[in-house]
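Features of the protein shown, as given by Swiss-Prot:
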MOD_RES   Ser2  N-acetylserine
MOD_RES   Lys57  N6-acetyllysine
BINDING   Asp116, Asp121, Asp153  Mg(2+) 1 binding site
BINDING   Asp121  Mg(2+) 2 binding site
MOD_RES   Ser250  phosphoserine
Amino acid sequence: MSGFSSEERAAPFTLEYRVFLKNEKGQYISPFHDIPIYADKEVFHMVVEVPRWSNAKMEIATKDPLNPIKQDVKKGKLRYVANLFPYKGYIWNYGAIPQTWEDPGHNDKHTGCCGDNDPIDVCEIGSKVCARGEIIRVKVLGILAMIDEGETDWKVIAINVEDPDAANYNDINDVKRLKPGYLEATVDWFRRYKVPDGKPENEFAFNAEFKDKNFAIDIIESTHDYWRALVTKKTDGKGISCMNTTVSESPFQCDPDAAKAIVDALPPPCESACTIPTDVDKWFHHQKN
């Protein structure tokens with residue numbers, strides 16, 4: 001058990017919906033800033049934003065106080081990823097590693113592009129379908145260097161340490177051996193998932209090859225350094241909310257009562273979710289280039 005819990009506000013699949021995180025004392029925290037990057041030696045925390053097979057594009061709201069999880073919005077409409085044949089929604093549990101930040105002011109030497117201004121993304125490949133807002137502990141196995149509309153957008157490949165097969169996975173080659181086709185599907189998914197929305201295919205550094213565990217950890221630790229500069233005001237976040245309750249060296253630290261006041265001002269939890277539009281289930285067929 002991680003000791004963290006989540007609390008929903010308003011109804012899922014609405015513009016007002018939020019998922020706030022709490023610590024073991026039941027106090028509200030930021031999943032971006034207050035959950036430690038490391039859970040143990042070489043074990044990272046992961047904030048689950050999108051459960052496997054689902055379509056609603058949920059993400060940590062980097063500009064909102066306490067950074068709750070909310071559904072992404074484009075042109076006033078809630079975003080859902082398309083089902084690009086043969087896939088259904090996201091093909092892994094998708095989320096982020098806390099206390100990391102891909103700095104948009106830093107030009108990555110591997111990709112030649114600046115960061116995407118978000119925590120680093122994680123694709124968790126275990127057998128369990130996780131819950132939105134769940135905090136899990138993961139082993140990092142490798143990383144993919146995606147370039148999304150000119151921005152560096154690293155994709156970490158990891159597995160839940162609680163997975164029954166976790167002991168068999170220690171590096172990216174284990175994924176190739178034990179889950180044949182999964183990494184190829186991952187590249188294909190990321191390359192084409194925006195095409196149904198009229199966007200071009202995404203590009204990749206390293207000819208779309210996955211780098212190994214050690215390379216991945218180096219990248220994650222560099223994004224942790226960028227995060228620390230952000231939260232200690234050594235870097236201008238330009239609109240990012242760095243409000244936190246635990247980072248003692250941060251000028252943005254607040255007390256638990258101030259955090260509670262943020263949540264108390266929002267709509268209460270809702271018993272039922274709104275209906276997902278039926279066209280979200282549509283299957284798109286697109287010729288691979």
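The count begins at 1 with the first shown residue.
For all residues, glycine too, the Cβ spot is worked out from N, Cα and C.
A Cα-Cα distance of 13 Å separates the residue listed as 'N6-acetyllysine' from Asp121 (Mg(2+) 1 binding site). The Cα atom of Ser2 (N-acetylserine) lies nearest to that of Asp121, taking the binding-site residues Asp116, Asp121, Asp153 as the candidates. The two recorded residues Asp153 (Mg(2+) 1 binding site) and Ser250 (phosphoserine) have their Cα atoms spaced 26 Å from each other.
In the three-state DSSP classification, Asp116 (Mg(2+) 1 binding site) falls within coil. The least crowded of the modified residues Ser2, Ser250, judged by other CB atoms within 10 A of its own CB, is Ser2. Summary of the Mg(2+) 1 site environment: with the site residues Asp116, Asp121, Asp153 set aside, the chain residues having Cβ atoms within 8 Å of the Cβ mean position are Glu102, Gly115, Asp118, Ile120, Met146, Asp148, Glu151, Thr152, Trp154, Lys155.
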